[in-house]
């Protein structure tokens, strides 16, 4: 699985007859037709849009005029502090969120895999539940738990003498990380757990006979074996964190947080399209995000492939 | 075995797809029917809309209105309209507030109403509203429904208990804020809805600011002027000294403070009474209303909200839509119908007496308040020179961002407003507008 | 003897210590996971004043579940039921088509040699690597140009594509379908398409279920796409509807109750439905080679 890009060895090398070729076309045709319509088309269309802009003249009552802009929109984006801070925020968010989630997921996968832990099946089911809760609902519920006057959590912390404002300042980034960890922990635990279960028991027994303790077995014997699964989990988590929209958007829409309407690049693109009516800039930001994300996740895949081969 | 299951699968897909197509076509029904009645859709979120539509439908045969409740403008309503008009799925008629009209006009999303002889209505409306619906000075782009002069709602019972009288000037207001805290450390005179761009604009408007101006033939944007700055410095002072809290208006904390008598006043407009009555039904009889506190000797008011009816580009039945729009903004019947649900003050001068009579008799909560007289006096005092920028949907979003980030800090509102002015200038230049240096 | 006994005893104690510690960690994680859900569960039982005024982690006077649910389905002319139906149409319809399309493509990638196969496959992988949200606004812009926004299709068509499903299907196909079986079907004179439907699909059943569940959850959880595409209340998804209600709270405070109850009603049945399916799903993951 970790070898996302490495081609498989063809198992059925066979000359393609005309009839077979048409069957192949019928089998992969629908996918690529839809793929072209929903991936390639929009990206190309957005790229096209990004080369133009709307110009208002004078006071603007005569409406906008569409003019060719070359790469102006791109230079605008790359000097736009909102876009750049947004990118920075997402990267910072990812730097906190991705390692935290993978570390937690690995720990709990090991715990669930280890005979030491009691009631393993129960924990597994419980931890998985948030995966089924839509991100929007998770955000709304956590928003309530973050809102002073509504939240029993804040009341509880105040009793302990800790006054915390979840929705403002630097804390808000951690509040968002928390929502994402809550939503995705269980899924990643399962990903790693499934891989752990596939390790031949004899390997573990051998380590045990050598006198290794449970923690040592977990870290030294089991984890290296599930590195590919952890890489996959990491890759998906990175892709997921680049999508950051729903959670900050809900906090922003509540009107009571320091999250602005252009807080992440996705939000900037949304705001440009739907609030500012600036389709060309929205398209530019989207293209940049898609390229940036594609490059980033491609790099991670390459690295993980190299690791997996070792 | 499996092939059959597969058939079942593809059949279920077909059914789903068909259901989808059906749902879509249902949603698109409307327009003229065989019996000569035209059914139009009306998008709005303002209170009283349903009542107005019901009355219209009961009294008209050739046109019937289907009212669709949409999210409040800044909460997604305008995005929805932009989307719909561009996708060719515009409603027949819709609510747009004064500030956002220019966004729709510059983007070619609403159409002039000139063909429907609306020019003849000009003398029925205050001069400033007519300027805002006809910013080019030629075409008329909307019909005003209500205006919203700023006024001060206050807890008359608690004012009496604390020995206060409604403050006449902002200096008095400040003294009262101190007095309230002396009498009850838990309470505050008011709170500032700092994330509401419209509220901040109305406060600046009342202070004599003119954020936007096109009289030179180019846009000028000014938030560093003395009038804006005295307003900002005043609220920064109150907030930093802990006399007033900055919090979103009508959010949960704000409501529970009003409910508990911990917040004593609300800077609002006539329509706010309707909001208050829905949130605080049990406090009927405890509120009264006074003119907004003054800066100078010359009494002035700002305008906070107010809406118009605009005709989107691509409106399927513009003639029928204009019949409804004209009725809703000029008929006493519309005012009477809306009165139990809405306390908004009609823009049409001919309807203002009807409103004064209806609003107190139809709304239990308002009875006994000085709402009619305070409102009609305040409506005369609105500074007519105020203009809105070319793209307030975007500009307000940025104002909210700037204020949320800064208010509460030292000179927070002041800095937020000057920064915002600079941002707006940059944005306008980027889009190609001519902006005065 | 006695020394051995103490050694076993202390080993025992250490084992119990470890056991308690490990179990305690899991219990804490479970508590953290359940906390918001418990809040939601209690929320369903509360009246509007209690939602604001009482402890969210405890029941409060009165049990308002039935009237809350009744009001939920009556609010705004029964829009909630409509949204529920729409979401089901998007999720079932989208996931069903996505699964069939992915399985067919994955099967073809695995079982056939054709020119440029790995180039095409590279395109699929590129699709996996680009986050979907980055495509949504461009997709809106394109669909708006051809006037397709604000239809059910504008949400359904995009969710019918899942490149990751193709990846999984290729893995399932190579793991579950022996080439010899295909050969013998071909010997019998079955056409390639028939072979796919009669042999391929049947053997890939469990894998297909995993892909279906993946996509189903992804669609059910998707907020951004419908949010961008749909403006007509009647075509909303649950998430969108709840969001709109949540932003309308400052016009009608009762929407708070509707949002809480609506969230619970949207969540709890799905959780109950999913628990039994969970094991199947995990089995599918193992088979897909995620290990």
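Note that Cβ sites are derived from N, Cα and C of the backbone, with glycine treated the same way.
Computed from a predicted structure; not experimentally measured.
Annotated range for transmembrane segment in TrEMBL, selecting from A:59-80, A:125-146: A:125-146. As annotated in TrEMBL, transmembrane segment covers the listed stretch A:226-245 rather than the other ranges in A:226-245, A:246-265. Remote same-chain residues near the transmembrane segment (A:125-146) are listed as 108, 152-154, 166-167, 175, 178-179, 182-187, 189-190, 246-247, 250-251, 254 (criterion: CB distance under 8 Å, separation of at least six residues from the stretch ends). Tertiary proximity for the transmembrane segment (A:90-113) is limited to same-chain residues at least six positions away from its ends with a CB under 8 Å from its CB atoms, namely 120, 123-124, 127, 173-174, 176-177, 180-181, 184-185, 188-193, 196-197, 218, 222-223, 226, 230, 233-234, 237-238, 241-242, 244, 264-265.
Proximity of distant same-chain residues to the transmembrane segment (A:24-47), defined by a Cβ-Cβ separation under 8 Å and at least 6 residues beyond the stretch ends, is recorded for 16, 283-284, 286-287, 290.
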